[in-house]
Structure formats: C-alpha cells, structure tokens
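Here is what TrEMBL says about this protein:
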type     : residues : note
DOMAIN   : 183-254  : domain 'Concentrative nucleoside transporter N-terminal'
DOMAIN   : 262-359  : domain 'Nucleoside transporter/FeoB GTPase Gate'
DOMAIN   : 365-608  : domain 'Concentrative nucleoside transporter C-terminal'
TRANSMEM : 79-100   : transmembrane segment
TRANSMEM : 106-127  : transmembrane segment
TRANSMEM : 154-172  : transmembrane segment
TRANSMEM : 178-194  : transmembrane segment
TRANSMEM : 206-226  : transmembrane segment
TRANSMEM : 259-279  : transmembrane segment
TRANSMEM : 419-437  : transmembrane segment
TRANSMEM : 457-475  : transmembrane segment
TRANSMEM : 553-577  : transmembrane segment
TRANSMEM : 589-611  : transmembrane segment
Amino acid sequence: MDEKVMSGSTQQTINCSEETHPIKPHSQSSVNMLTLEEMTNSVDRNREKKNAYNIKMCYYFYRSRRHIKKTCLKHGRKVKAFVFILLICLYTAFFSYAMYLRQGDSSMTGFIAITVVLALVFMFKIIPYKRAVERFQHFLKTHPRTLQNSKRSLVVLCLLVTGVTLITEVIMVRPSNLISLTGIVGILTMFLLTSTHPHKVKWRPVLSGLVLQYLFALIVLKVPIVYRALQWFGAIITKILSFSGAGADFIYGSDFEHVGLVFRIIPLIVFVMCVLTVLEHLKILHVVLKVIGRFLATCLGVSPAEALNASSNIFLGPVDSLMIIRPFLDDVTPSELHCLMANGMSTVTGSIMGLYIMLGISADHLLAASVMSAPAALSLSKLAVPETRRNAKLEEDDFHFVSKYQSVMDAASSGATTAMTLGAAIIANSIAVVSVMKMVNYVLNWLGELVNVQGLTLQWICSFVFYPLAIAMGIDVQDGHRVAELIGLKAFINEIVAYTSLGHYRTNRIRFEEYVSLNYTDWSIDKASNDVSLPGWNATLEGGFLTDKSEVITTYALCGFANFISVGIMMGCYLVLIPHRKAVVFKYILRSMMVGHCASFITACIAGLLYK
C-alpha cells in the first residue's frame with residue numbers, strides 16, 4: 001500500500017514537473033521558432049523603413065533637380081554670367097599672382113601670349129561686332145565707288161611697300177639675292193606658255209597671290225618681333241610634339257626611339273591628329289579656317305570653295321580638306337577643281353609637319369612655308385588653268401562647316417583611328433618607294449658600269465637635271481647639286497625621304513659649327529664625296545653639310561605633297577566623291593602636281609630673295 005501511495009505521488013510529481021518544466025528539446029525548438037519569427041518581422045520593418053527613406057530621398061532629389069533646372073532655364077543668362085565672371089576673377093587672380101612671382105622671367109612669355117589671345121576672344125564675344133560688320137558691308141554695297149577707291153589705294157600701298165622693300169632690303173643690302181627673281185619669272189613664264197587659255201588669264205589672283213606671299217615673307221623674315229614670335233611658336237609646337245613620346249614610351253618601352261622610324265612616326269601622327277580633331281570638334285579650328293579663307297577670297301578674288309580648301313590644307317590633309325568642301329564639289333568649275341587638287345599638293349598637314357620637325361627640320365620655317373604656299377598654289381593654278389565662266393551657285397559667304405563628331409571623346413577616338421590608317425599608309429609607301437629606289441639605283445649602276453660610268457644613280461641624274469632650278473632659287477653654287485638631288489627625291493619619291501636627307505645635312509652643319517666654336521681648325525673637306533673630316537673628334541660628317549641659306553631655301557622648296565604617290569591618293573579621293581567628273585580629274589591631275597611643285601619653288605624663291 002505504501003508502495004502504491006509512493007508510486008502515485010511519484011507519478012504526480014513527474015506530471016507536475018512536466019507541466020512546470022517541459023522537456024528541454026521541445027522548449028528550445030519553441031524558443032528558436034519565436035526568435036526567427038521576430039527576426040523576420042524586424043527585417044521586414046527595417047526594409048519598409050529603408051524603402052520609404054529611399055523613396056523620400058528620390059522624391060527630394062528629383063524635386064531639387066527639377067527646381068534647379070527650372071531656375072537655370074528662368075535665369076540662364078544670369079547663371080552663365082555669374083559663372084563666367086567667377087572664372088574671369090579666378091584667372092585674373094592667378095595671372096596677377098604668377099606675374100608677381102615670375103616678374104621678368106622668360107617663361108611668362110607664353111602665358112602672357114595665351115592671356116592676350118583669351119582677352120581678344122573675350123572681346124569678340126562681348127562686343128557686338130557682327131552688326132557693325134553688317135552695317136559696314138551694307139555701306140560698301142551702297143557706295144561702290146568708295147569700295148573701288150579703297151581697293152585701288154590698298155593695291156597701290158601693297159605695290160609701293162613691295163617696291164620700296166625690294167630696293168632697301170635686297171638691292172642695297174644683298175644684291176646677290178636678286179637671282180631668286182629669275183626663278184619666279186621663269187616659273188611664271190613656263191605656266192603662261194603652257195596655260196590652257198593664255199588669253200583668258202585673270203591677273204588679279206596671280207599677282208595678288210605673289211604680292212601676298214612676298215608681304216608675308218617680309219613680315220616673317222624682316223620684322224624681328226614677328227620672327228621671334230614665330231620661333232617661339234615653333235618651339236611650342238616642338239614641345240607639344242614631344243609629348244607623343246609618353247604614349248610611345250608606355251607601349252614600346254623607353255628605348256623606342258632607337259629601334260626604328262616606325263616607332264616614332266605612329267605615336268607622333270596619332271597625337272597630332274587627335275589634337276587637331278578635338279580642335280575641329282570644339283570649332284576652334286573652324287574659326288581659324290574661316291578667317292584665313294575669307295582673307296584669301298577677298299585678296300585674291302577666288303571662290304569660297306578654293307579659299308576654304310587652301311586654308312584647311314594648312315592644318316588638315318587633302319582628304320579632310322575635301323570633306324569640308326564636299327557640298328561644293330558637284331558645282332565647281334574645271335578651273336576650280338584643278339585649283340582644289342593643286343591646293344592639296346602644295347602644302348603639308350599639321351601631323352606630317354610634326355614628322356618633319358622630328359627629322360630635324362626647323363619648325364619656324366616649316367610653319368612659314370606651309371602658310372606661304374597656299375596663296376602661291378591659288379595664283380599658279382589660275383595661271384595654268386584660267387577661269388572661263390563664272391560660277392553663280394557659289395556665294396561669297398559660303399563658309400559653313402558640318403560637325404562630324406558627337407563629343408570630345410568621339411573626336412579624339414576618330415582622330416586616333418584616322419591617324420593609324422595614315423601612319424600605316426606612310427610606312428607602307430615609304431617601304432615601297434625606298435625599296436624601288438634601291439632597285440632602280442642598282443639597275444642604273446649596273447648599266448653605267450657597262451659603259452665605264454661609275455656611281456650612276458637616280459640621285460646623281462637628278463643632281464644635274466634640277467641643278468639650274470636650284471641655282472635659280474638662290475641656292476649657293478657649292479650646294480647646287482646636293483639640293484637638286486633633294487628636289488629629285490621629293491619629285492620622284494616623296495618629301496619624307498628628301499627631308500630625311502636634309503635633316504642629316506642640318507645635323508652635320510650643327511656639329512661642324514660646334515666643332516669650329518671649340519677653336520678646332522684642322523678640319524678638311526673631300527671634294528669628291530663632300531665628306532667633312534673632323535680629326536679633333538676622330539669623326540667624319542658623311543655627305544658634308546649645306547650653308548644656312550641653302551638649308552633655309554631647301555626647307556621651303558621641299559614643303560609640299562606633290563609627288564606621284566599623292567597623285568594616286570588624290571585620284572582615289574576625287575573618283576569616290578565625284579565619279580561623274582573623272583574625265584576632268586584625269587585631265588588635270590598631273591598638271592596640278594606640277595602646280596604643287598612650283599608653288600613650293602616660288603615660296604623658296606621669295607625666301608631666298610629676302611634671306612639675310
């Protein structure tokens with residue numbers, strides 16, 4: 001009985017224990033389930049709060065943006081004026097502080113020049129000059145006699161300046177420079193005799209182009225401040241071009257300049273073309289082209305298409321220049337089409353000019369030559385193929401441009417891509433022409449040995465064929481054969497090969513002047529090979545060097561795209577753009593190449609005339 005009572009109480013105790021204290025596993029599961037549910041609810045609440053906060057922030061953001069946009073649209077001019085004035089104040093403060101720190105420092109020259117240019121741009125932006133120009137043009141149209149008298153006075157003034165400076169700067173100072181006049185007269189006579197319509201030649205563009213060339217050369221070569229400014233600008237261009245080495249150093253390594261010409265050509269052309277396309281997209285280049293184009297059209301009396309093409313060829317290539325005047329191509333006359341082709345042959349582009357500078361050619365003379373050859377090509381083309389009919393479809397103010405790029409990045413990328421194509425073409429053509437020249441020289445040398453003539457090469461033949469032309473341009477007699485050889489290289493191969501040889505002569509001259517400056521007098525010249533021996537340095541200058549005068553004149557004479565490779569490129573471009581006018585293209589393409597050559601030669605003659 002006691003056991004039963006005991007067992008009953010024990011069972012009751014166990015039951016009570018189970019009710020009061022549940023089994024541990026069951027208790028832990030319940031707690032975990034409650035905790036998970038609470039956590040889920042807490043996460044949901046936090047997510048809802050976060051979503052509500054994000055929605056609220058987006059609302060305030062879009063509301064603020066809409067308010068700012070509305071304010072800018074309402075007060076756009078005031079906002080722009082405020083930002084513009086703020087930038088001017090910051091630039092003025094920076095300029096003043098820099099002038100205070102660098103007073104008298106030569107490094108401030110470039111900064112001052114940039115400031116002056118920006119100030120002029122600012123003045124043209126705020127001054128309502130367009131209305132004044134329109135009123136002035138209206139006045140000239142309503143008073144034609146005043147316009148005619150002004151033109152006559154300007155012509156008389158230019159002729160007077162030309163005549164006086166010829167007497168005071170050439171005849172009285174260096175009469176030997178007058179030999180360059182024989183080159184100018186000879187070239188003009190040749191084109192007049194071979195002109196398609198000699199009796200229809202309009203002498204205004206011919207003579208105006210020559211006078212404009214002479215005046216520009218007079219300002220550049222005889223005005224010290226302008227010459228120093230051009231030298232400074234050339235140094236800036238050289239410095240800018242040196243930045244292309246950073247990209248080449250990253251791709252090829254630090255010793256890329258010693259590997260070969262290809263590793264120097266590609267980075268340079270890519271960099272320059274990229275900069276030019278960006279300037280074109282920002283319409284900075286367009287402003288420059290419009291100014292030069294209108295100036296040439298006014299002075300020479302040529303059509304807008306011809307003037308715009310001549311100005312754009314100074315900075316862009318023949319292909320890019322054609323793209324700018326593409327709307328005109330269907331309406332140009334045969335004389336104008338010939339002039340467009342001659343423009344492309346007579347000047348060099350900015351990217352290729354950088355290549356010449358890298359080869360050791362003087363940057364300031366290259367810049368002057370490229371600008372001076374533009375009016376020369378216009379004048380000679382109007383003498384070779386005179387205009388026989390008036391083109392009424394081209395108005396005087398047809399100087400418009402079409403934007404080709406969407407953004408600065410698009411312009412830079414397109415420029416780099418175009419530069420790669422251009423660089424590949426230059427490399428391929430250079431390999432081809434140098435190889436062909438080597439083969440031709442081998443054949444000529446073999447033929448010469450058959451008749452006991454040693455050293456018969458293409459360069460040797462050119463040195464005699466173009467010798468009279470070199471002397472007529474003003475080249476010193478002792479340098480005549482070597483300069484004639486360079487002219488032949490440019491005519492039959494390309495100007496890159498010719499400028500490479502000219503750069504070699506220039507390097508030799510600089511080394512020789514350095515040798516003489518150290519008071520060495522034991523140098524000697526081999527008359528057969530023109531090699532200069534420098535015993536003090538145990539060195540030999542192969543091929544010798546040109547005098548400074550011959551070097552300057554040759555720099556102008558070689559500046560142009562006139563060669564048979566360019567003929568092929570130009571024909572391809574024109575046949576794609578205007579295939580229905582291929583007969584006119586084929587008729588005048590070789591004549592335009594001759595105009596391109598002689599435009600450079602006349603530029604060289606003027607440089608030789610004013611050389612001091």
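Going from the start of the chain as shown, residues are counted 1 onward.
Here the Cβ of each residue, glycine as well, is placed from N, Cα and C on the backbone.
Because TrEMBL annotations are produced automatically, they should be read as predictions rather than curated entries.
Listed as Cβ neighbours of the transmembrane segment (206-226) (distance under 8 Å, sequence separation of 6 or more from its ends, same chain) are residues 158-159, 161-162, 165, 169, 184, 188, 299-301, 368, 371-372, 375-376, 378-380, 382-383, 602-603, 606-607, 609-612. Within its own chain, the transmembrane segment (457-475) has Cβ neighbours under 8 Å at 177, 179-180, 182-183, 186, 437, 440-441, 444-445, 481-485, 487-489, 491-492, 549-550, 553-554, 557, 601, 604-605, 607-609, 611, counting only residues six or more beyond its boundaries. Within its own chain, the transmembrane segment (589-611) has Cβ neighbours under 8 Å at 169-170, 174, 177-181, 183-184, 187, 190-191, 210, 213-214, 217-218, 221-222, 338, 341-342, 344-346, 365, 368-369, 372-373, 376-377, 380-381, 384-385, 469, 472-475, 491, 549, 552-554, 556-564, 566-567, 570-571, counting only residues six or more beyond its boundaries. Outside the transmembrane segment (553-577) by six or more residues, the chain places 318-319, 322, 326, 329, 337, 341, 344-348, 361-362, 365-366, 368-370, 372-373, 425, 429, 433, 473-475, 483, 486-487, 490-495, 498-499, 502, 546, 585-586, 589-590, 592-594, 596-597, 599-601, 603-604, 607-608, 611 with a CB less than 8 A from a CB of the stretch.
A mean pLDDT of 78 is what the model gives for the domain 'Nucleoside transporter/FeoB GTPase Gate' (262-359).
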